[in-house]
Each structure stands twice: as C-alpha cells, then as structure tokens.
6 protein chains.
Amino acid sequence: MARPDGRAPDQLRPVTLQRNWTKHPEGSVLVQFGDTWVLCTASVTEGVPRWRKGSGLGWVTAEYAMLPRATTTRSERESVRGKISGRTHEISRLIGRSLRACVDLKALGENSIVLDCDVLQADGGTRTAAITGAYVALHDAVSWMAENGSLKSSVEKVMHRSVSAVSVGILRGEPRLDLCYEEDVVADVDMNVVCTGAGDLVEVQGTGEQDVFNRAELDALIDLGAAGCAELTRIQREALS
Amino acid sequence: MARPDGRAPDQLRPVTLQRNWTKHPEGSVLVQFGDTWVLCTASVTEGVPRWRKGSGLGWVTAEYAMLPRATTTRSERESVRGKISGRTHEISRLIGRSLRACVDLKALGENSIVLDCDVLQADGGTRTAAITGAYVALHDAVSWMAENGSLKSSVEKVMHRSVSAVSVGILRGEPRLDLCYEEDVVADVDMNVVCTGAGDLVEVQGTGEQDVFNRAELDALIDLGAAGCAELTRIQREALS
Amino acid sequence: MARPDGRAPDQLRPVTLQRNWTKHPEGSVLVQFGDTWVLCTASVTEGVPRWRKGSGLGWVTAEYAMLPRATTTRSERESVRGKISGRTHEISRLIGRSLRACVDLKALGENSIVLDCDVLQADGGTRTAAITGAYVALHDAVSWMAENGSLKSSVEKVMHRSVSAVSVGILRGEPRLDLCYEEDVVADVDMNVVCTGAGDLVEVQGTGEQDVFNRAELDALIDLGAAGCAELTRIQREALS
Amino acid sequence: MARPDGRAPDQLRPVTLQRNWTKHPEGSVLVQFGDTWVLCTASVTEGVPRWRKGSGLGWVTAEYAMLPRATTTRSERESVRGKISGRTHEISRLIGRSLRACVDLKALGENSIVLDCDVLQADGGTRTAAITGAYVALHDAVSWMAENGSLKSSVEKVMHRSVSAVSVGILRGEPRLDLCYEEDVVADVDMNVVCTGAGDLVEVQGTGEQDVFNRAELDALIDLGAAGCAELTRIQREALS
Amino acid sequence: MARPDGRAPDQLRPVTLQRNWTKHPEGSVLVQFGDTWVLCTASVTEGVPRWRKGSGLGWVTAEYAMLPRATTTRSERESVRGKISGRTHEISRLIGRSLRACVDLKALGENSIVLDCDVLQADGGTRTAAITGAYVALHDAVSWMAENGSLKSSVEKVMHRSVSAVSVGILRGEPRLDLCYEEDVVADVDMNVVCTGAGDLVEVQGTGEQDVFNRAELDALIDLGAAGCAELTRIQREALS
Amino acid sequence: MARPDGRAPDQLRPVTLQRNWTKHPEGSVLVQFGDTWVLCTASVTEGVPRWRKGSGLGWVTAEYAMLPRATTTRSERESVRGKISGRTHEISRLIGRSLRACVDLKALGENSIVLDCDVLQADGGTRTAAITGAYVALHDAVSWMAENGSLKSSVEKVMHRSVSAVSVGILRGEPRLDLCYEEDVVADVDMNVVCTGAGDLVEVQGTGEQDVFNRAELDALIDLGAAGCAELTRIQREALS
C-alpha cells in the first residue's frame, strides 16, 4: 500500500525551518513538515513566576494552539468557547516538558521563555513539528539573550541538549514515519517520539486506540522514530549554522 | 517631520494580497500592509444560525484575533484568560459589519461564511488590513461556492459591492494615511475609513483620545481615507483578476 | 413621513438630568432622553490601577450595562451567561474614551473615577444618553473631591472640557436627530456624534449596515449631530448651575 | 438605644410600591423600604424550560442583582468577574421559592414568568423588599396575561396567595423590625421572615453569626416578622387596588 | 404512614463519625447518616486572606461538593460546567457560618482553616451531616495545631462551642426527624436546624415550597430538630473522647 | 537504596478492589494501591452524544478529579477556579482511551458509560490505579446492563479485553514498579504502562523531565510495567469472580 504522497515508509516529508520569520519575537521560526506549518515564537522576559522566585532557576513553558481554519473544517476558537480543550492542554504540556529537557535552567538564571506554537496549517504531526521548530526558536532566543548581555552563562551551557520529535504509526501492519493527516486517522497505533540530538529519549507516547500493540511493534516504532529524529537533528543544525 | 519609513503623508505602505495562502479554506488570503500581516480565511458552511432559519437570508460574520507575539511584547492568549477583550470584540464586529455591506444576503441564500482574521505580525492598522484582505477571501469563497454549485445566484449578484479600509490620523497637525504602529501611538486623532469600490462610505470611526478635532480636520481625514481606499480597491481588483 | 412622536427632524426628545438621584455615589445622575433612562454614577477611589502607578496621572473608565428588562423583550443577564457581549464592551469603551476627553488626568492626580451607566429603560440612543449623563455625574464627583480636599487642582482645571453626545441617522433619505428605537431599527445609516462644549468633535462613529452613505450625507449628519450636542451642552450647564 | 432614624422597634420604614414604573415589562414595580430601592420586573414568555415541557405546569423564577454603586462603596460587576457570587445565588433562589408559593403553577399553564429584582439603592433588607415588590409585579403580569387572553384560569386562581417579607434582628437584646444597613451590620441575630397574606409562613431564615439565640428570642423575632408582613400585605393590597 | 426504613418519626438514622479517615488532612472525618456519607476534611494554613491581615482574627470557611455519582442519576461536574451552582454556593455558605459559630476567631489567631465537605453518597440531609462531621474535623484540626505549637490559646478556648445539625420536615401532617431522600422529595415543609451543644440555635432555615406552614408547625419542627441535635452532640462527644 | 515501604523494586503495593462500594452507580469500585485510594464509578445512560447518533456505536468516556485535600497540602477546587487544569484533562483523556480499548463499541450499541475516577487519597500512581479500578466498575456496569435487558450482546462480547495499568520509574539507575509519591517526585524517568489482560500494550507514556533515558532503560521499564500489569490482571479477575 503506497503512501498518499509516494514516500518510503521511513521517509520524512520535506522539512524546512525559516528563522526570523516575524520580526518582533526573540526567536521566530516557521517550521514546515510538508503541509503542516507551525509558527514557533520564543518570548523572553526577565524574572520568573512567583512560585519560582529566589530559586536561581529559570523557566521555560509552551502554549500550543491552532488557527480556526488550519484544518479541513473550521473549529470554534477556544477564546470564544472561553476554555481550552483537553487536547490543547495535553499538547502544550508535552511541548513544554520536551523543551525544558534542552535547557539547563540554572544556567538560564531567573529568566522566563514562553514558546508559542501556533498551527497555521495542519496536515498531521503538528505537535512534533512544533517541538522541532520550537527548539530552533528557543536557541535563537537564548542567543539573543547572550548578545544582549542578559545571560550569565554561555549559550552552549544553557542549551545543553537539542530536541526534535516525530510521529510514527502502524498502518495495516506497516510501521511508517511522519504520518500525514490522511494516514493519521486510519493508523492502528500512533506514537510520538521525542529524542535528544545525542539519540536519547525524552518522551515516548504510544497509543493504540484503534488496536493494541505488542512488544515487537513497539520496538519497530521506537527504531523508526529515533532514526527520524536523527535526521531532524541534522536539519536543525543546518538551520542554526 | 518625516515619516518613520520615509513615505509621503498620503502614501500607503507596500500592500500585497496573496490568495490561496493556505490550502484548506474556501478563501485564504495573506494580506500585508508593510509589516502588518493578517491571515484572512473564509469558511463556508451550509445553513444559517438558528435565529435566521427560514428567512431565506445568508449570514456573514467575522472573528479577529492576534497571535500572542504578533506585537513587540507578548500578550496573554484570550483562550487562556478565558475571555475575549473589549478591543477584540469591537474589531470583530467592525469587520463583520463592513463585509456584510459587500454581500447581498438574499442572493447568498441560507449559507454562512465566517471570516477569520488572524494577525501574524502587527505594525499598526491591523483592522483595516483585515477588512481589505477579508474582502478578497470572501470573494474567493463565493466563487468556490459558484464552482461547487452551491450558489443559486451569480458571484456578481452576491458580491454586489467591494470594500476596503485604511487608517488615517493627524500627527502634529499633519493628516497622514495608513499609520504604522510608531505613528499610531502618538497620533492626536485616529480614524478608520471603510469605503466601497464605488467610493461610498460604509463605516467612519474617528477618535480624538489625545486631542479633539474640528470639522476641517474631519474633512481632511475623510478625503485622505477615501483616496487610500480607492488605491486599495485597485490592488484588490488586480489580485482578483 | 412624520416621526413616531411628532418631533421635527432636528428636534431632541425631552431631556432631563436629575442630580443626586441616589445617595451613595460621589456623582449620581438619572438622565432621560424621552423613554431612554440611564442611571449614571461616578465612584471615586484613591489610587490608580497597577500599570499606572507612579505616573502622576489619574484614571477614568466606564462600564455600561442594561437591566434585563430595559428592553421590549427580556435579555439574559451577562453575569448569568458568564461573559460580556461585544456590544457591551464596545459601548463601555466609547463612553470611557469620551469622558477621558473631558478630564485633565494630570490635574486629577493619582485618583480613579469609574462611571457606571446602567440602562433602566431603553428606547434608542442609550449610549449617547449615557455619555451626556455621565459627564454631569463626573463633574459632581470631581466637585465632591474638591470639597473633600482630595483634589490638588481646581475643578475647572480637571474638567477642562465638557462632552455631550447624540445619535443621528438617515431614514428614507431624511437626516434625523436623536432616534428613538422605532426609528433606529429601520435607519439606513446610523451615527453617534460626541462633541465638546466648544463644538469640537471627540468621536464620530457612522455605520451604514442597511446601506452605504455618501459624503453629502455624512456632512448633513455631522451638522445635525453637532447642533444636537450644542443643545445638550446647554441643558448640562443648566443642570450643573 | 434609639434607632438611627428614630423609629419604634416594631415600626417599618416608609414603604412605597410604584406600579408601571418602566413601560416595557408585563409587571414593573419600584419598591422602596426607606432608602432601599429595588426595581422588580416580571417578564412573561409562552412555554416552559425544556425539563418541564409537557407537564402542564408553569414556571416562575427570579434573578436578583445589585447595581455596582447601589452600596456605599462600589462593588465589581458580576458580569465583569464572569461569575455570580454565592450571595446573589442564595438570594435569587430565596425570591424564586417565595414567589412560587403564591402561584398555582397548574392554573398558570405552560407559561414562564421571570422576576428580575435589581437593587438601585441599598440600605439593608434588599431581599425582603425584593420579595414584597416582586409579588406586586407578578400580580400585574398575571393580570396582563388575563387581559391578553393567554391565561386559561382566572387571576385569582393563579395568584392563590400573596407573599410579603421583612427582616428582623436582635441588637443588644432588643428585637427590631426592618433593619436598615447600619443596624444590620451590628445585629447579633438576623432573620428573614416570608409570610402569606393569610399569616402563614413561607420561609424562615435565621442566622446567629455574631451570636447564637435561644428559643424565646426566636419566638420574639417570628412574632415581630409576622406583624411586619401583615402590615406589608395591607400596603400591597392598597397598591393593587 | 410508616417511614421507608421503619424508623420512629423522632428517630435519627444510624450515625457514625470515623476520625482520621484519610491520612493527609489535619482533620479528616467520614460522617454517615444512614446512606448519606460525607468526607469532611479540615486544612490548616498559617495566615489569613488579604482582607483580614493585621486584624488578629483567624478565618474558617467551608466548601461543599458532591461527587457526580453520589446521587441516583449522574450530575455533571461543576468543574466541567465551569461554574458552581446556586445550591452549592448556598450550602457552602451555611456550613461556613455554622462552623464559625463554634470558634473564637481571636483565640485562633491569624490562621485559616478550610473545611471541605465532599458527599461520597447522598440520601438526603447532606448539608446537615456535613455540618455535624465538619465540627469533629475542625476540632481535630485545632487539636493538631495545639500539638504542633501553632496555637497560642487552648483548644477549649478556640472551640468555645460545638455545633450539630439535622433536617426535619412535615409529611402529610407528621413532623419527622432526619429525612432520607425518599422523604425529602415529598415533604411539604423542610427545615434545617443548627444547634450548639448547649441547645442554643445557630441557624434555622425553614422552607415551604410544597406548602406553607403555621406557627404551631414551626414550633413542632424546632422542637424535633433541637432534640435531634442534642443526640448528635452526644455522638460527637463520644467520637472525640 | 531501600524503598520507603521496604518493597522489592519489582513489587506492587497492597492492591484491593472493593466492588459495590457505593449504592447508586451501575458500577462502583474503591481501588486502593497502598495509600492511593480512588473511587471509580460507572454510570450508564441510554443513547449517545449528538455527534455519534445513528452510528450504531456506543460511547465510553472518563473524568478524573482529586478531592482538594487528597494530597499533603490542599489544592483549590477546579470548580471554584472555574476551569479544569491541563493535568486533569490529560489524565481524563488517558483513562478514557484506555477503557475504550476494552470495549467493543458496536456490541455496546448506542449506550453511553461515563467513568468517574475521584481520588479520595493520593500517594502516587493515581491515574494507573484509576484505570485498574475503572475496568472493574465498567465490567460491573456492563453486567448490570445485561441483567436489565439493555444489552443486545453478551457481556463477554462487549468487554472483549481487560486493561490494567501501573507506573514505573528509574531512581538512581534502579527501575522500580508502582512508585509511591515519595519516589515519584525524585524519579529521573517516569512511565505509565497500560496493558491488556493478554499482555499487549494499550498506552505507553514515558517522560524524562529530570533526565533523558536510553533504549535499554526503556526496555527495562516496559518489562517491569508489563509484569506489574499481569499481576493486576490476576487481582482484577479475582475481584470479578
């Protein structure tokens, strides 16, 4: 069974990372995984939330959202509904945890960075594209801090790891990398893999809502995801150089 | 006193209208007035809200929002705050009223079109850029309906007028067209002018929060705004042809 | 075509301003434009909102609301719905901007005044009646401050302008002053004009939802509104003397 | 110890009931207990809430609110806070229960009446004034239904009882009727008594937050409250005749 | 007419008070009135709310809630609906007032105690069971404070009274003590009586939504409730010894 | 390094499952994993949400919450804050997905089952205890449906799998099963494993917020979790027999 866009099962969609896409943020990256486009901005503020004051540690958090018509049919704005959906909450938390794994919060000092990941166009894998793009925006923001003298450590010390993420899944028994929406909705098993540039795991979230999965399938998905993340790490490095 | 970007007092910023910017919506336009970028999408659905059922009339409405870091400093998401600000409400209503002036709601039949105007980057004049871009997205959506056989009338009959909008203001006594943010914050008088392609007025909103204004100043601002709208009408026509 | 209450096209409804209508507020005015009744109260507090502290400037803001059965059919309470409508937001902001135009915020010092405008009975023109009445309540509140020694400047210095407001509109080609509800719903063009006592303009908001309007019509409406405001200024002065 | 306004311990404040105070509602009464002023309106709609459809029974409910500056210091609007306070909820429920005791809901048929009680000026006893005034507004609304042919029964059958209410309390050992605010805040025991015109009890709510109370004190308060309600019943009858 | 569980009209259901039911709170009591089970926990924190700082007085407050399936049919969670119902507000306030009557807030010092009363299973009389159980939890929390040296006074001085509560009602003319749900829904008159251990009254709330009641019935209900509270006081003492 | 309660690294805490703990729900289970206590109730209703009508499929969903003092310090109620936290949303979604994996929604027919998981006492692993207990409550509810003739299929056909869940983690390099709170807060890696009774995987969520983890560690955690789930499956079967 061929993939909708003719890719090999272990092939990523075309990935681009455009830095400085908008002019105001300290980091601003438009990440594209095929037709999935996410604008990732990093906003630096001096100081940390009240519960963290005096700890000497910085804070990194993330907020994810979709434009109402990023998808095939329009969804109501969460601002209009007056509350954030469970899905949005869950993804924002995943992005935040993943990015905190990159950062030495002590070296960051009592500064805060908010990563806003707004999906302009969705075609599957928005959360993993967001993590991959947000890493680059975060790196730019930390570099901006260094240039502006608001960082006591070096950029390398603060950004002690890199992270990237990709979705993998099983369709009719075949493990596939970087699912597009058409594949995502029919996958039996769906997994998001977040890795460091060194190949370690940061998060693994595998779900078998359509079907359960066995240990061999889990292993195949982890392998595929780790290989995808390695390729994304390469693309991130290129973009940052 | 020269303008920050060296423009003549009656000169628009460079304006671009990119149609089909994203792939899902029935109309999708990225409008740029200099560094003000607004993504305007038009979403068509069959049927109308409950209170309008059986009237034979269609419905057109608009929702405006800003990405949190569209601005120089980050603002909290309205979805996170759990409510929409007065400013957002006011602008959404202005855009909705202005676009309804374009449309023969009877010819549209019992169909609804939502115009989502999301500011990706803000540099003054976001609401007027939104109206100008949303008109083109709306036109594309109505054309899409015609092509898909869901329109009983012709596109021309439904879109019986065009609209465009521009901000004008007075700075130290000088009337200026299409204020950028730096000008906007220091203007004594600020006005938004919404015109039809035929040169009639749809909305006029003039505010003298820094200072009051006299009749001669009002006249100068209306003249300047009407001329700006005429130029925007030309750019809209070019984009749609 | 005669007006529902037999007025001349350029005639106001009977206008009354009852000061000290309730006993607790520093300013309390019941304003009546015919059957439109608005209770305008001014509440003084020492200090300003956090974002304004240390600026040396005072703050004036307004909140508008309607009792649920001020209108012909009952509308749900905004407190019960848990949010404020766009219309309420828009009107509150208009009243606040208009009243700030009266006040020298530096002379007011770091004090805050909230103007609450609650519509007890609605028959068109509630927002313009509210502005007209709130001016008198604000004047009384500033006088109260002077009497209580909490004002460093004189009342005249703080209240450096007066404002009044009126609605105007075009019905079947005829410009009319101070529309009642029956006229308001069928008007082709609807405009609110806010003027100072000296005849300058503070706000102009004209909307052609039923129809667009040309420059000559705009001019006629502004003339009519300015004349109406002049008469309202006279009534305000009388009330305050 | 004399009362602040010189009344005898068992004396009501001057009570007035102005019917048809505003023109839109089916019942509209301004009730005044001294300086406590409550606008009580009754709004009739055909049909009942979904959970009551097909029962053959009508529905009567109440909503209580205070204008922000009805009190000596301004309180924030519940619509702005986005939620209703416990106090407002509690009072609305009390008024609703009390008024339902007047009405034969079967005779009312599947119609709904909402009683809005908005406090324009508060000086203690707002909830009991609201019940007393709302009864008259409800009676007017039911009479309106009869005149408009939307009532199958007679007014007398629907309004099978009357209700009135008054607050009583103990100050330094002395039971007092109809406490004003100054008395209310220092009362040891505070009780609201709701009676029918026939002298039966509908609700009794006694609270000893400052101090507890014994059986003899309870008895004295009930006696005082019942006598006050009898006088209020007389005033209601006079107003309705 | 026999009672559903065969009790005498003046007989309580089996009442148990299990202290230290959960391990984290400073006081934790599972109270059971037959099949009505309420978990009452008392949480101590140093300091008082902002509006009370510097007063030298402590603060005691209560929050009541029901698990969604405590009842025969499931009710939606208030957290999911995004707001607290009027009924919940009303009961939380009643519990708070009743418990504050037990406590000498001056002797408590600037400390706060929150009483959480969560209904695990409901069969009528949840609010009165909550008050009865919360008293024991509160006593345990104050004892805990004494043992931890955070109380300047003695436990006896702080807990200067005890409180218990019970529901009473009239069914077909018969006064009954401690109504179960089946009785509660058909009672003509329903009353909650809150008494001190010394037999004084703290709160009396009687409602005749199904029917009104006369003075003799009120007296009978108060007698019955006071006797029930005396028995509950005995059970509380036993549990605490 | 010994575990706080002296367990072997691969040993569960004492686990109990008390069926029919409360009387109203169709399924009601108190699950205890040591000091973690969760009340899991299953509520059956005829019909499905609107978006699912006519599909022939049933619906199973879950809501998770904590009592405010289930934890060592009190947390504010989500009903009082007016919104549900990201953590609550995330856990509710995980429980719902896991339980849907047990059920043949076609065999369930157009019926809905809500699983409410309320944490009465928390000591780590509340979400995995909730899944384990909710499975038993769900089984009881489906059996109840069969007994009441509202199930067209057999219980075995509807409940085509069982699920259980357990947390695992790495502390100072040692993989441990079923972490208590004291272990949870210091774990380098934390993983939740959800398995079927047949040993297949339903969900795997591994997070390395304190540290990243390598492939060998992932493997060890999966092994440990799968073994724990097998033991829990045995306990579930025993409870249901």
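We number each residue from 1, going along the chain as drawn.
The backbone N, Cα and C atoms fix where each Cβ goes, glycine too.
In the predicted structure, the domain 'Exoribonuclease phosphorolytic' (E:11-141) carries a mean pLDDT of 97. Among the features that TrEMBL reports, domain 'Exoribonuclease phosphorolytic' is placed at E:11-141 (among others).
Here TrEMBL flags E:R87, E:G125, E:T126, E:R127 as phosphate binding site. E:T126 (phosphate binding site) falls within a helical segment according to DSSP.
Feature annotation from TrEMBL assigns domain 'Exoribonuclease phosphorolytic' to E:163-227 (among others).
In terms of DSSP helix, strand and coil, the domain 'Exoribonuclease phosphorolytic' (E:163-227) has 17 helix, 29 strand, 19 coil.
With DSSP states grouped into helix (H, G, I), strand (E, B) and coil, the domain 'Exoribonuclease phosphorolytic' (E:11-141) comes out at 42 helix, 43 strand, 46 coil. Annotation for E:T126 (phosphate binding site): same-chain Cβ neighbours under 8 Å, separated by at least 6 residues, are E:T36, E:V38, E:Y64, E:M66, E:I91, E:V119. Scoring each of the binding-site residues (E:R87, E:R127) by how many neighbouring Cβ atoms lie within 10 Å, the top position goes to E:R127. Taken over all pairs of the listed phosphate-binding residues (E:R87, E:G125, E:T126, E:R127), the Cα spread reaches a maximum of 13 Å, rounded to the nearest whole number.
Spatially close to E:G125 (phosphate binding site) yet at least six residues away along the chain are E:F33, E:T36, E:V166, E:S167, E:D178, E:L179, E:C180, E:D184, judged by Cβ distances under 8 angstroms. Other than the site residues E:R87, E:G125, E:T126, E:R127, same-chain residues with C-beta atoms no more than 8 angstroms from the centre of those residues' C-beta atoms, the phosphate site, are E:Y64, E:I91, E:V119, E:A122, E:G124, E:T128, E:A129, E:A130, E:S167.
Residues from the set of binding-site residues E:G125, E:T126, E:R127 situated with their C-beta under 8 Å of a chain D C-beta: none.
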